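This report refers to the structure that appears directly beneath it.
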Amino acid sequence: MAKACHQCEKKCGKHAGGVSPDVLKKLEEGFAKLQGSDAKSLLKKYLTRSIFDRLKNKRTTFGSTLLDCIQSGVENLDSGIGIYAPDAEAYDVFAELFDPVIEDYHIGFTKTSKHPQSDWGNVNSLVNVDPTGDFVVSTRVRCGRSLQGYPFNPCLTEDQYKEMEKSVSSALTGLKGQFEGKFYPLTGMNKQDQQQLIDDHFLFKEGDRFLQAANACRFWPTGRGIFHNSSKTFLVWCNEEDHLRIISMQMGGDLGEVYRRLVEGVSEIEKSLKFSRSDRLGYLTFCPTNLGTTIRASVHIKVPKLAKNYAGLEEVAGKYNLQVRGTHGEHSAAEDGVYDISNKRRMGLTEYEAVKEMQDGILEIIKVESSM
Ligand code: ADP
Ligand code: DAR
């Protein structure tokens, strides 16, 4: 399915205020494909005919249309969510679709809810979830940030990618102490080095079909890169899915130490870069699943008894609002019994509460595994 040509819409201006017949035709085709499929995505669940009809003629000031929001979920019927926001305005212009998806995923964040102010809490109160090292291989906490003044991937120009890479790499290479490190542009990166970083879980995978279909990979690899300190315990992804992914990670289960490093690292970066934050939605991101705190705290964990029944593992995890992914992250399978288990909720609670919910859930999962 061809991509929405919102850039043409914006440039030609033929359809100022409306949407071109070509995009409308693609929208109708996409809606029919979704309705005729057995897709289980939140897109299919919430894009009713009446909402579709009310949104199909709308555009943001960046020229983004409903097609820009839904095309990934139409092209990938196995999507879990199926929609992305091509620019920050899309969350308001297409709110009739985004709001029910957000409420469903973030478990009760309704259209009248307001995300709380940032609160990293008492950074010394989180623990090592596996001090004896029997279960947890490694621990990672990440957050996403969008740079003020820039839209999301589908609306960025090649020059904007270059501008963003320059300002992000300049801010990061100015970091000192435990954060001191180097920025590695993807452009020109040795393919073997790149694959090794991906295999070692430090770098984002390339060619995610969901992001490709969402027009999020244009001009690749321009503007994309990774920063990391010498020990690879503090990393920043530039222009993968979000403008920045700020990551703290290390071997073992010391969630407290990983969390403290992230909090300090974000605070240092905020001295040089300004981020987009909505009063209602919190920190803004390309995918609605990452809004609010944008925090994902995860362990790579081996729970062989629980994992004998994957559905059972997911059920136990779900009781604590946790999500189970494979060893290489979302849309991957577990290798050698290593699962990525993390908090699911990121909105309607503070950064501390999101990570505490993960900590409590992981402690419970280890307790259940140990009792079996
Ligand atoms: P995100 O949404 O945080 O980008 P992904 O599911 O795409 O997460 O995973 C990104 C990378 O981070 C993958 O290589 C994944 O294996 C790695 N990862 C996630 N959690 C951990 C962890 N606790 N320890 C080591 N690597 C991890
Ligand atoms: N692959 C899309 C997005 C799901 C959430 N993960 C993100 N944003 N990386 C889907 O709908 O399955």
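Along the chain as shown, residues are numbered 1 onward.
Cβ atoms are placed via backbone N, Cα and C, with glycine included.
Keep in mind that TrEMBL annotations are predicted by a computer and have not been checked by a curator.
Taken from TrEMBL, the feature ATP binding site covers 138-142, HIS201, ARG245, 296-300, 325-330. Under a cutoff of 8 A between CB atoms, and with a sequence separation of 6+ in the same chain, the neighbours of HIS328 (ATP binding site) are ILE198, HIS201, LYS205, GLU335.
For the domain 'Phosphagen kinase N-terminal' (23-107), residue counts in helix, strand and coil come to 50 helix, 2 strand, 33 coil, using DSSP. Summarising the annotation, TrEMBL assigns domain 'Phosphagen kinase N-terminal' to 23-107.
Feature annotation from TrEMBL assigns domain 'Phosphagen kinase C-terminal' to 135-372.
A strand conformation is recorded for ARG325 (ATP binding site) in the three-state DSSP classification. Reduced to three states, the DSSP call for VAL141 (ATP binding site) is strand. Listed binding-site residues: SER138, VAL141, SER298, ARG325, HIS328. Those with a CB atom under 6 Å from ligand 1: SER138, SER298, ARG325, HIS328. Take the CB of VAL141 (ATP binding site) and look out to 10 A: across all protein chains shown you find 26 other CB atoms.
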